[in-house]
Amino acid sequence: MKKSFSYNNMLKKNNIFLIGPMGAGKSTIGRQLANQLNMEFFDSDQEIETRTGANISWVFDVEGEERFRDREEKIIDELTKKQGIILATGGGSVKSHITRNNLSDRGFVVYLETTIEKQLIRTQHDKRRPLLRSSSASGNTRDLLQVLAKERNPLYEEIADIRISTDEQNVRVVVNKIIILRKKSSL
């Protein structure tokens, strides 16, 4: 996790960026957090869908993961330049070093953690997640989630200002923890 808190870090704290694996609750928590703090909410996946006029799965299938990640990187770069926003990112967005730098440099980064068991429960009926669609068809969703966790968890940890588990806590509790820990970090 990041340790240094300079004057620039103090200025960037008016943005909150939520990172973590699929099913961690980034979008749900982000909306509630934005509502409570009276800030504008963005979801990078929804932005991609709005701008392309297609759902994430279609974009992923037609353009491929590499092109999807390029598009995601550009959208996150644009959104993180705004001030006073909450941004829920896609689980794989941290694969881009440019995105990691932008998130880290331009906002307070919250790593929402969850176990693979909770991910399986929370995403079992979600047909919009391209990586899960292909794995569930072959019956190895758990294996895929383990591979993704091994690849991505160190990247989440690298840029996180704080980490919060969403496994056994309701949305309101997580939102309040984020608000409290954000205030403490800016002191």
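Glycine is no exception: its Cβ is also placed from the backbone N, Cα and C atoms.
Listed in Swiss-Prot for this protein:
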type	residues	note
BINDING	GLY23, ALA24, GLY25, LYS26, SER27, THR28, ARG129, GLN169	ATP binding site
BINDING	SER27	Mg(2+) binding site
BINDING	ASP45, ARG69, GLY91, ARG152	substrate binding site
Between ARG152 (substrate binding site) and ALA24 (ATP binding site), the C-alpha gap once rounded to whole angstrom: 13
Cβ neighbour count within 10 Å of GLY91 (substrate binding site): 21
Of the binding-site residues listed as ASP45, ARG69, GLY91, the one whose CA lies nearest the CA of GLY23 (ATP binding site): GLY91
Residues flanking the substrate site, with Cβ no more than 8 Å from the Cβ centroid of ASP45, ARG69, GLY91, ARG152 and excluding those residues themselves: MET22, GLU72, THR89, GLY90, GLY92, SER93, VAL94, LYS95
Of the binding-site residues listed as ASP45, ARG69, GLY91, the one whose CA lies nearest the CA of GLY25 (ATP binding site): GLY91
Top Cα neighbour of ALA24 (ATP binding site) in the set of binding-site residues ASP45, ARG69, GLY91: GLY91
Cα-Cα distance maximum in Å, computed over every pair in ASP45, ARG69, GLY91, ARG152 that the record assigns to substrate: 18
